[in-house]
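Here's the structure we're looking at; comments come further down.
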Amino acid sequence: MDPSEVEFLAEKELVKIIPNFSLDKIYLIGGDLGPFNPGLPVDVPVWLALNLKQRQKCRIVPPEWMDVEKLEEIRELERKEDTFTPVPSPYYMELTKLLLNHASDNIPKADEIRTLVKDIWDTRIAKLRLSADSFISQQEAHAKLDNLTLMEINTTRSFLLDTLNCMYKLRSNLQPGSSGGKAQDHQ
Amino acid sequence: MPGERKPMRYGHSEGHTDVCFDDAGKYIVTCGSDGDVRIWESLDDDDPKSINVGEKVYSLALKNGKLVTAASNNTVQIHTFPEGDPDGILTRFTTNATHITYNRSGSRVAAGSSDFMVKVVEMYDSSQQKTLRGHTAPILSVTFDPKDEFLASASCDGSVAVWKIEEQTQVTSWPLLQKSNDVINAKSLCRLAWQPKLLAIPVETTVQLYQRDSWAQVGTLSDDLGTQAINVVAWSPCGKFLAAGSIGGLLTVWDVESKLCVERQTHEKGYTVCGLAWHPLGGQIAYTDTEGCLGVLDGLSSSSSSSSTTASSTTTKVSLWSYMEQAPASYNDLFDDDDDRPMDEGISEGTCSPAKNPGDEDDDDDLIPATGRARNRSAFLDDENSLDTGSLKQGLDKFVDDDDSAIVPPAAAAAPLWPVYDGPMPTPPQKAFQPGSTPAHLMHRFMMWNSVGIVRGYNDDQDNAIDVEFHDTAVHHAMHLTNSLGHTVADLSQEAVLLACPGTDELASKLQCLHFSSWDTNKEWMVDLPKGEDVQALCLGQGWAAAATSALILRLFSIGGVQRELFSLPGPVVCIAGHGEQLLVVYHRGTGFDGEQALGVQLLQFGQKRRQVIHGEPLPLSRKSHLSWLGFTAEGTPCFIDSEGVVRLLNRSLGNMWTPVCNTRDNCKGKSDHYWMVGVHENPQQLRCIPCKGSRYPPTLPRPAVAVLPFKLPLCQTTTEKGQMEEQYWRSVLLHNHYGFLSSSGYEIDEEGQSQAQKEQQELLMKMFALSCKLEREFRSVELAELMTQNVVTLAIRYASRSRRMALAQRLSDLALEKANQLQGEEPQEEEEEEPLQYTRRNTGSGLGRSGSAGGQNRVTNVLDSMMLSSKKPTALLSSSGSTGKLNKTPFLKPLAPRPKTKVQHNSVYVRHKSGFQLWLEDNRRIILADNPDLEETDVIKEAIGRFRTLSADDRLTWTERAKGQSGDVADMKKRKRGEEENRGDKNGQSEADETRQSEADETSAKKKKPFDTSAKLSAFAFNKN
């Protein structure tokens, strides 16, 4: 899965915007949106919010969790716990990126939020690497991956699978008699 | 003497503390360096209420339910008491305030600060400040002259100064104290105290008394045991005694006249006393120390009496209580105050409290008139000293002795010290304000937030500017103006921005209008008001602007700047609001008492028929609240909100009464949270407001988000199904009143929405009907049926007959007939008007669908844009269509009388408004008449009902549906009507008319799927219930 695909999925998330135009309900395949009243918050998918924002048709209200204090709390918790802690949104990284890139003027303390989210992300990815390492070194058959987001799984998936395949190939090569055939199966 | 000094309580963390009593003496209020204010119900209160007001609190003062605190953030804040909600900031200093105090009436607060300044601030208008400069070191304490003329202050520069407040000049100054460089280094806090004639200044171990006006020292109070400097002094409420607390923890009470020490107590641990307050009734002193502990010195009378038991009757130290009783009498000579004799009854009873309102008392055992004095007082004492009965007994005995011997004071001669008015106190009138603006003293504030946009004002060091921003950028782009004139009030509409500034000494008050929608190039105009006249409130309507001024004049301008009418207001304006052709003015009708505002309201209508709709009636506010928002709903119904958060809407169908539609405080999570209103919409039912956590209004940054609250009428028992439906029904009726108003004032209305609303109402009625049927409430069912339209009554009849309630069905059918007749009675008059009406409607019909659906979210634009005055006033518009009949319905109480047959025949062409049964009846009347020729009209109907019931269910359904299908589109109906009239002209035969009708009914039912569907749904509902 491509990160851009994950981002595409994230764009379906709802976000509050304050439109500066008036429009009746619009009926889309994904559901009805609106009505849009100038000055009145309304929930729309991120893709529409960004589109409207780029055309300067709305202000985006940052999601509740996109707040320095809350993120700091999450970061501390993430650092304290050995396992993955629940994240505020299954698409927190994507949303942060999208919203901060396109609507940083509507988000108070955008820079701090960017740093915080990056911190959380880094902590989690480090944990992921560590657990992958111990997973392999202890030769476990399965691992529990609670509270991981799609994007996080995605960053490690291709690498981890390829590595495991590779290792399997190497291991099976070690055993005499079963050289080529089996490794081929796992390609 | 352990009986009087109660054990100390831990109150605050270590550090400076302060204490005071509330007005009634019910609570002890303390503050400390932990930043909390604690409200104690008594010393034994284990769970005092805590309010956090800052990091550290230096001083507090309490009066009239307003708690003023000096906190470490350099501000003097107000909190409500006893709720503890923040109520704004009174004033600021460049560093912390050290001492604050109220004046006697509670109208002003004086604050001394470490920045060498003393400020005197009006409680109700914090912009009116007087600054007293002259001290050259931090201020230690301040005190008001009880007559409000002077103020005394002590400072670290060693001086105690007296100021004339009005002129802000120093009257005199004494170098009495030791110099120091800061309050914490000062040897004594030197809390001053002022009683009408005497100013008490603690100087080292003594208290010096200075006389008012002559400013000469008249005495010194000292105590031999006092070895350390006196920190605080306080006068007893009667002014007879002076209490002092010293560094070493010594508490002393002097009788000032004799200069004798009547009470002496030492702090149990010898900590420094830094806060001291007398109970408003005397008899109790609360004190706090620098370790944060609170102590109470109670039952002062018993203390002195017990100490004097050995001295028996020849004692020189008489009970303090006896002293106090005498005090008024002697003081009467001492301070020749007049005109207060009538008030002596309550006061003679041992309470020397002046300016107290007995009505406020909760514990008024001490206010019983002066009969049976000893008994009453013992009751009082019992109350005070209930903890130690031993000493109480002694005290009591002593008292009886005292009373019997020579000290009994003549009750009639007792008089208080200064004029006492114990009736209701006048409320300071609320100031003029712009609805939708935040207070003017803020540096960054909203000058207007309404449904069009936001006007923000910035007034700080770098910038004095105004930002105008529109919710809908299609109206106009955002504007940034430099505010060189110092505009303070603003309004915003689809057409213009209106700004005004108050006048100064050189410049007159100006009204500036940015008419951005003007089609010429000149988009701005400005008007100077006559000298001395200030704009206090302004508003914009459609094509006009209005400004209310301090000269009690309301000036109207056209939006282009032409001066129009002006008229006088009956009182000082509070605020004004405009919408379309309507102007709403709220002003002070008179003086309110006991926290109430006396506001009046006028509603004026301009345009074609100029008139006053509401003629200065009182504005119904909640108890002890003031107006906080006034305006119109997007649909043009006047609406206002008071400080208690109750939203009230004008009910035009109920003689212009105000109906409460919501309490925004019910939606608040916290006690001090509020909702700040920005707009009200009736369709959809929305209250748009900004949630404010812990304040009444939002800050400009971060940009607040609008929330939507629902309407909720405060009907009874809304948890029950019945209550819920009733609430829904009446809410729907109330919030759709605007259709009637709009159409009667010649505006286009959203007919789709209107019929939708009626459908909803009828559905609710039907549900309620079914519910009351289920509960065997047949009478109630009929009452509900009276509110229904005729079609729905038919359904109700069926529901009743299905559930075998024949009596009910019978009554309902009578009702249905009555309704039908009533409807027919109205119709002939409307016929003449129908032609032009139809024209209007057709004309705009195409655009209506769109504007109707957009009007689903109705902003002002939509409504106003689609509003155009039609040339003819269609007054009877509503009653013309069958489905709108309910708007002018009234509970119809006339009993059904047999009507002349001819009339019925004459009217029979209008049968399409009738039920299926009636259709059937028309068809079968002849047969019935033929069978029973001698029947009366009512009997015919009865017979007919019987026969109709014998029909199969399917047959009946066909009839009903035929009836439904015919009451469809209004225009169609009219066409048919004309056709039928021709028919009648040709031939009076029923059968042919029936044929026409039937064929047309088929047509309509095919064409008008929608109304058919509705009734089918309703009837399905009726059946399901069965």
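First residue shown is number 1, and so on along the chain.
Yeah, the Cβs are placed from backbone N, Cα and C, and that goes for glycine too.
What TrEMBL records for this protein:
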- B:9-41: repeat 'WD' (REPEAT)
- B:132-173: repeat 'WD' (REPEAT)
- B:230-264: repeat 'WD' (REPEAT)
- B:331-370: region 'Disordered' (REGION)
- B:820-858: region 'Disordered' (REGION)
- B:827-836: compositional bias 'Acidic residues' (COMPBIAS)
- B:846-855: compositional bias 'Gly residues' (COMPBIAS)
- B:910-987: DNA-binding region (DNA_BIND)
- B:910-987: domain 'HMG box' (DOMAIN)
- B:962-1026: region 'Disordered' (REGION)
Point to revise | Other parts of the chain folded back onto the repeat 'WD' (B:9-41), taken as Cβ under 8 Å at six or more residues beyond its ends | key: 48-65, 67, 69, 71-72, 79, 81-82, 84, 274-281, 284, 286-296, 356-357, 360-363
Check your understanding: Tally of helix, strand and coil residues over the repeat 'WD' (B:132-173) according to DSSP?
Key -> 0 helix, 24 strand, 18 coil
Review point. What are the DSSP helix, strand and coil residue counts for the repeat 'WD' (B:9-41)?
Key: 0 helix, 15 strand, 18 coil
Exercise for review: Report the mean pLDDT of the predicted model across the DNA-binding region (B:910-987), rounded to a whole number.
Suggested key: 63
Exercise for review: Pull the DSSP breakdown for the repeat 'WD' (B:230-264) and write it out as helix, strand, coil residue counts.
Suggested key: 0 helix, 23 strand, 12 coil
